[in-house]
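Student: Quick one: this structure, given as structure tokens, is what I'll be asking you about.
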């Protein structure tokens, strides 16, 4: 497969790398204890050896998910102080490609300076943020199958660490706070006010399982991604199974984008239609087709770094839509008067799936963690992301449902009066955002499939694979055009697996023998909650979809 982004990184050397090299040379010359320096150098050399986890399918997972989830961090000032030549050569590529270089060109990596942390500070951090997690034991030798897994700090890993606290928080919010925010008022309608507590429960459980993923990553050398964790826990079969689940979830999200565009554009232009060969295409079908044609050229792109910059505006887009909803209710006089029902047991499972979809970011958390400049900030970053997103989800849910009551649609933008300026801003923001995210979301799926084709025909097969993926999402979106029910199905089946069930199962498998009774009990409870929620939610979503198709 032609990894164009990674290939270009061969010719790019950032100032950060030069500084690291100078600092490393200085530490060798000035370095206090020679034995410590040589020991650290040897340890870094051992860590630079390519991991066996990166040789298994899918090898492209790290690279593709980084592009899908990243807010790039080029080393330039806020107003672009470097020269135009530097801006043109490295602004769009250096921050993205440096992190990919070790995966595809391991022999080019330079040994980084080991970060020595105060042992007292590390112990204090463990007590404060991991009181329910097993103690960490450092190790330097390579792990064997018959050895008990112990912690290997990613601070010594060859992956380029450059993400700051703020960048990581933005990455996390951008992944968590997506189109799911549009359906939170509809979730209250389906589950009632009492059902809103499920949102908070899922937030707490998802935060904890996000911490478990970190523990899994630190348990063995070479673990970088979610599929790596699956392989460490359950072998090659576990890696393949988890990869397929993650890719199907991304594929289903692309179907949601098609339905989203069709619903919102047809609400803006309800009278749009087209007659082709005697077939009348109404506004929903027409805009679904036009959306697919519009995103198709972006899917063909081999370098999506530009799109990753644009899609980082997803955080801004979510905030704009929330502010527009608040403006319509408070300033434009729609009001917050509807009281609603306390509990709807019959449709509560649908609401569970919708709330579960809100926290479907675990596929990306390992990438965020292994890209941090200061990995010990990960718990605080995760907590910040979950608190902000939960406040946004809860606020929108309450505002939207009190504004529109039982008439709340699966996307609150469809309920907003179209004659208001704030409504138009919210609608067009909702319409534009998926155009930048579709290609980044489908790219990991496409790249994984491209690994299975002959390298000499990769370009031809790449175009065919990516085109087929777009066409298939269009077909499925037209056959099942129910945004809320499809989202509930995704949240119930895939998100429960990725967010609740699999992190706990992998954690218990990888760290067996070192897990306390309390930790094991917590994991088992979370797995039970995930299985029950998944079973009821999936069944309810599928049955409602079938009923909607029949009628």
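Just so you know, glycine gets a Cβ as well, placed from its N, Cα and C.
Features from TrEMBL:
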COMPBIAS  13-22  compositional bias 'Acidic residues'
COMPBIAS  41-56  compositional bias 'Polar residues'
COMPBIAS  143-158  compositional bias 'Basic and acidic residues'
DOMAIN    162-541  domain 'Amino acid transporter transmembrane'
REGION    1-56  region 'Disordered'
REGION    103-160  region 'Disordered'
TRANSMEM  168-188  transmembrane segment
TRANSMEM  194-213  transmembrane segment
TRANSMEM  240-259  transmembrane segment
TRANSMEM  279-299  transmembrane segment
TRANSMEM  306-330  transmembrane segment
TRANSMEM  350-369  transmembrane segment
TRANSMEM  381-405  transmembrane segment
TRANSMEM  425-449  transmembrane segment
TRANSMEM  461-483  transmembrane segment
TRANSMEM  489-510  transmembrane segment
TRANSMEM  522-542  transmembrane segment
Student: Sequence gap of 6 or more, Cβ distance under 8 Å, 3 or more pairs: do the transmembrane segment (279-299) and the transmembrane segment (489-510) meet that?
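Tutor: Checked: the transmembrane segment (279-299) vs the transmembrane segment (489-510), no contact.
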Student: Below 8 Å between Cβ atoms, which of the listed ranges 168-188, 350-369, 381-405, 461-483 makes the most pairs with the transmembrane segment (240-259)?
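Tutor: Most Cβ pairs under 8 Å with the transmembrane segment (240-259) come from 461-483.
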Student: Should anything in the same chain at least six residues away from the transmembrane segment (381-405) have a Cβ under 8 Å from its Cβ atoms, list it; otherwise answer none.
Tutor: 165, 168-169, 172-173, 176-177, 180-181, 184-189, 196, 199-200, 203, 206-207, 210-211, 318-319, 322, 325-326, 328-329, 334-340, 358-359, 361, 365, 368, 372, 412, 415
Student: Can you work out which residues elsewhere in the same chain, 6+ from the ends of the transmembrane segment (489-510), have a Cβ less than 8 Å from its Cβ atoms?
Tutor: 149, 180, 202, 205-206, 209-210, 212-213, 215-216, 219-220, 226, 229-230, 232-234, 238, 242, 245-246, 248-249, 252-253, 256, 349, 352-363, 520, 523-524, 526-527, 529-531, 533-534, 536-538, 540-542, 545
Student: Same-chain Cβ contacts of the transmembrane segment (194-213) under 8 Å, 6 or more residues past its ends?
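Tutor: Residues 129-130, 132-133, 184, 187-188, 226, 229, 342-344, 348, 351-352, 355-356, 358-359, 362, 365-366, 369, 379, 382-383, 386, 389-390, 393-394, 397-398, 499-500, 503-504, 506-507, 522-523, 526, 529 contact the transmembrane segment (194-213) from elsewhere in the chain.
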Student: For the transmembrane segment (461-483), could you work out the same-chain residues 6 or more beyond its ends whose Cβ comes under 8 Å from its Cβ atoms?
Tutor: 1-2, 183, 251, 254-260, 262-263, 284-285, 288-289, 292, 295-296, 299-300, 302, 410-411, 442, 445-446, 449-450, 453-454, 544-545, 548-549
Student: Short question: which residues 6 or more past the ends of the transmembrane segment (168-188) have a Cβ under 8 Å from it?
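Tutor: Same-chain residues near the transmembrane segment (168-188) but 6 or more away: 69-71, 195-196, 199, 253, 256-257, 260, 311-312, 314-315, 318, 321-322, 340, 350-351, 354-355, 357-361, 364-365, 368, 371-372, 377-378, 381-382, 384-386, 388-389, 392-394, 396-401, 403-404, 408-413, 430, 434, 437, 483-484, 487, 491.
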